[in-house]
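Everything on this sheet refers to the single structure shown next.
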Amino acid sequence: MDGTDLSTSQAAKGAKGAESGGEATCKFEEIPSVQNPSDGQKGKTECSGPVPEEKGEERLRHSSSTDPSALTSASMGEVANGYRGLGEENAAPATSNLRKVSIIPLIFLIFYEVSGGPFGIEDSVQAAGPLLSILGFLVFPFIWSIPEALITAEMGTMFPENGGYVVWVSSALGPFWGFQQGWMKWLSGVIDNALYPVLFLDYLKSGIPAVGGGLPRVFAVLGLTVVLTYMNYRGLTIVGWVAVCLGVFSLLPFIVMGLIAIPKIRPSRWLQVNLRGVDWNLYLNTLFWNLNYWDSISTLAGEVDNPTKTLPKALLYAVILVVVGYLYPLLAGTGAIPLERDQWTDGYFADIAKMIGGVWLMGWVQGASALSNMGMFVAEMSSDSYQLLGMAERGMLPEFFSKRSRHGTPLIGILFSASGVLLLSWLSFQEIVAAENFLYCFGMILEFIAFIVHRVKHPNARRPYKVPLGTVGCVLMLIPPTALIAVVLYFSSLKVAMISLGAVFIGFLLQPCLKYVEKKRWVRFSINSELPDFKEEEDDEAETLVA
């Protein structure tokens, strides 16, 4: 619902009240659940006179999300009748003065959140050979990607606001677990983002050897992070269209490579496999890393144009784009070139391009790889920073995290995310992938539980998109990805497990510490009063993803 619809709705409610007998009067009364922003005392506002009838749980006041008056003080993420959730309007907070993200940029933002192209899938061939690699990218989307995308479509349209999966978990399991979800997902996102400046320079060092190490590399990482962070500061619309341009440029060389490779392809090469020589840890981590993070786009739902319609369609098209973007070059590379498994590591597609098309095609693939890392960086940082903004609007983080720049972007969230990237950029590629996968698995378990809890507790809540399965069917759908999570965690090294569990423990301590800070009033916590309430509503208009 845009700003015009909101104003019309409020005017209609006001007219209804006037017709029924005059103007409502309100008084303030102290109670222990909500603080008055003006005097710091806890209380509630009671109204007498004709006021519009409220349905379901307590409704919220509507006002501009950029107006400080839209923020009401409250205990971290809590209200009188539970966590704030979805209201009957099914709309994100009104930010009509800001440009919204349309479907094409949204598709490529999802593409870069999840994939960014076939860069990084080479290890799957090294770990398991062509046949298992091809089967993995065919089967894995049905086990993991599609279920995660379906959950994101349903929950993202139920809660079309910034914060995404944090709001889903908070409304189902309470603010403590919502905060843990936010902490683990933000940390895994920042760890993931620390990888991209490093990979960018790894591709660049063949042409500029100076950035291969030492102070030049340190300053290059810093400069690249600053430039890409500035792009996020300028606005999500800019980031979205930059992602479109980078995505097209990143995929084009592989389309050309596949066409040139057709005469050289030998289908028998696709069938090579040696089950005794499979590195299952590397194989599963490679598949998992390249086909997860579908839920990350939910933290930008409040910035999407008509999210209840746009988000499910964008997820559908992005799933197709990602899977085809992996299989097409994988089939071309493994089919046209004799197998040398030891050579299949990060960057090997550039060598394949040289063998198939020549030096010019290799240079194009290398350039596409470098720019793809830029696209993944800006998309991931957007998701991480808007997640912090959404958590602040729900009272989980201090109010200053909800402040927007003059471009409408979450300035503090961007700065925090950029700082995390710089602090973690010293980690190796393998450690980054393993650590983020470990934390990501814990977050996904909470999402799965929240999804089922909402189906059980709120079966009639309005769902603009609904997974076309009953509750039992949804439980069955989640069994394979849950089993996969168990396998990924089992194969994690002791070092990665200890570091990741330590990070989880920090989250357990951080949430009560923030509550103590709030209790002492050292920092202000507020809840955006424009955010919708959760209420039960019959869903006669649920859509399916294919529709």
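Glycine is no exception: its Cβ is also placed from the backbone N, Cα and C atoms.
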Labelled transmembrane segment by TrEMBL, one stretch among 278-296, 411-429. Can you tell me which?
411-429
May I ask which of the stretches 127-151, 163-180, 215-233, 465-491, 497-517 has the most CB pairs under 8 A with the transmembrane segment (239-262)?
215-233
Contacting positions for the transmembrane segment (127-151) when only residues 6+ beyond its ends and CB under 8 Å are counted:
114, 121, 269-274, 277-280, 282-283, 286-288, 290-292, 294-295, 315-316, 318-319, 322-323, 326-327, 330-331, 334, 339, 341, 444, 447-448, 451, 467, 477-478, 480-481, 484, 545
The transmembrane segment (103-121): which same-chain residues, six or more beyond its ends, come within Cβ distance under 8 Å?
133, 137, 145, 199, 237, 239-241, 243-244, 246-247, 250-251, 254, 286, 289-294, 296-297, 300, 304-305, 310-311, 313-315, 317-318, 321-322, 325-326, 329-330, 346-347, 349, 368-369, 372-373, 375-376, 378-380, 382-383
Below 8 Å between Cβ atoms, which of the listed ranges 215-233, 359-379, 465-491, 497-517 makes the most pairs with the transmembrane segment (163-180)?
497-517
Who are the chain neighbours of the transmembrane segment (215-233) in space, where the CB to CB distance is under 8 Å and they lie at least 6 residues beyond its ends?
197-198, 200-201, 239, 242, 374, 377-378, 381-382, 385, 405, 407, 409, 411, 414-415, 418, 421-422, 425
Please check if the transmembrane segment (497-517) comes into contact with the transmembrane segment (435-453), where contact means 3 or more CB pairs closer than 8 Å and the residues in each pair are separated by 6 or more positions.
yes
Long-range neighbours of the transmembrane segment (435-453), counting only residues six or more past its ends (CB under 8 A):
148, 151, 154-155, 165, 168-169, 171-173, 177, 180-181, 184-185, 187-189, 191-192, 285, 288-289, 292-293, 295, 427, 471, 474-475, 478, 481-482, 485, 488-489, 492, 496-497, 499-500, 503-504
